[in-house]
Amino acid sequence: MEKPLQFDVIASCSTSRARTSLMKLPHYTVETPVFMPVGTKGSVKSVLPEQLENINCQIILGNTYHLGLRPGVELLKKAKGLHNFMGWKRALLTDSGGFQMVSLLHMAEINEQGVNFESPYDGTRSLLTPEKSIQIQNAIGADIIMQLDDVVPTTSKDNERMEEATYRTTRWLDRCLSAHERPNEQNIFPIVQGGLIEHLRKLSANLHLERKVNGYAIGGLSGGEAKEDFWRMVLLSTQMLPCDKPKYVMGVGFAVDLVICCALGADMFDCVFPTRTARFGCALTSSGQISLRHKKFRMDFGPIEKNCSCSTCKTYTRAYIHQIVTTEAVSCNLLSVHNLNYQMQLMKGIRESIKVNKFPEFVQQFMINMYPNKNYPQWCIDALQSVNIELK
């Protein structure tokens, strides 16, 4: 029987670790590197599924913890999965609910059995076990599903707790694999943990390599740690994981981070950033983020970004969006569509440059656009030097 994930590397950068691939999933064939917008509760905030298709979004992310509470397993089963329920025809990935151990830590109790959460909706308590997480994800029907992992804040200084979480994550992986009822339709990704401790990262990766899976996630980062630590842990992880399977760095969404992580050998990324910053009136551009709340845009009748292909830039001006930003709900839609299109075009540019073996040149131009005075952050210089790209 054909695997539910086929991963074919079609081109690799001759200088760095960047590569572009085709990842064939049950619902869609995804080109990587890929950015995945986050639709936590089955909806990318303020954006319609058809708008996501129009900007060539290939895969979106949902969250098991929230979807398990609302709408719940029974409704999802009756709807024949989240694809049908939300009207999305392309690929889906679901997070296991593990991240909520950090984001909702004040509402959670963690032990070997699982995580006991207090519902943010009605205050009732529920136990999320590895088995329960997979049961919910089987009902959701996503193409890629995450194991439940024991997540410790990256900035934690408790090395003993970090070691406990690293070993527990692998024990929970085995429970997830045993509970998985749809292995021919859905792919479980293990999550490499270990915080910023090198030997624990290596241990976690090596333990996961002993299991039969179709791809890997790199977790426990993008949690407030220093960028110097962040990139080193990404590189360490991508170096240890096999080249013939996709590598997903969780929680990455800033443009500079995406470009750097692609250079370090990562394939998949997700983050709420593009839509969240849109709700605060901010737009993403090739020269950085701009706030359309600023009064300097009041008489600016140009698009958010010249030559942008999104429907917002084709139709509306900075002046118009300035007038309605943060006060009219439609502004969230207009800015979210633009920001997500920016992410999609960025990833397309990365893929196309790798295909013609011009990725280092792409990186150079991207960084000059972002930092015209060439005052590059030191962590960017160091990260790119580690994969043989020198910023001029």
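Glycine is no exception: its Cβ is also placed from the backbone N, Cα and C atoms.
Looking only at the domain 'tRNA-guanine(15) transglycosylase-like' (16-370), the predicted model's pLDDT averages out at 95. Residues or ranges marked as domain 'tRNA-guanine(15) transglycosylase-like' in TrEMBL: 16-370.
Per TrEMBL, active site, proton acceptor is recorded for Asp95. In the structure as shown, the Cβ atom of Asp95 (active site, proton acceptor) sits within 10 Å of 29 other Cβ atoms.
Positions annotated as substrate binding site by TrEMBL: Asp95, Ser96, Gly97, Gly98, Phe99, Asp149, Gln193, Gly220. Other Cβ atoms within 10 Å of the Cβ of Gln193 (substrate binding site) number 31 in total over all chains.
Residues or ranges marked as region 'RNA binding' in TrEMBL: 251-257 (among others).
Summarising the annotation, TrEMBL assigns active site, nucleophile to Asp270. Of all Cβ atoms in the protein chains displayed, 23 besides its own lie within 10 Å of the Cβ of Asp270 (active site, nucleophile).
Sequence-distant neighbours of the region 'RNA binding' (275-279) (same chain, 6+ residues past either end, Cβ-Cβ under 8 Å): 37-38, 44-47, 289, 326, 332, 335-336, 338-340. Residues or ranges marked as region 'RNA binding' in TrEMBL: 275-279 (among others).
Around the Cβ of Cys308 (Zn(2+) binding site), the number of neighbouring Cβ atoms within 10 Å comes to 18. The Zn(2+) binding site annotation in TrEMBL covers Cys308, Cys310, Cys313, His338.
Per DSSP, the region 'RNA binding' (251-257) is made up of 3 helix, 0 strand, 4 coil. Here the candidates are the recorded positions Asp270, Cys308, Cys310. The one whose C-alpha lies nearest to that of Ser96 (substrate binding site) is Asp270. You'll find the Cα of Asp149 (substrate binding site) roughly 33 Å from the Cα of His338 (Zn(2+) binding site). Other C-beta atoms found within 10 angstroms of the C-beta of Gly220 (substrate binding site) number 34, with every protein chain shown included. Of Gln193, Gly220, Asp270, Cys310, Cys313, all annotated as recorded positions, the residue with the shortest Cα distance to Asp95 (active site, proton acceptor) is Asp270.
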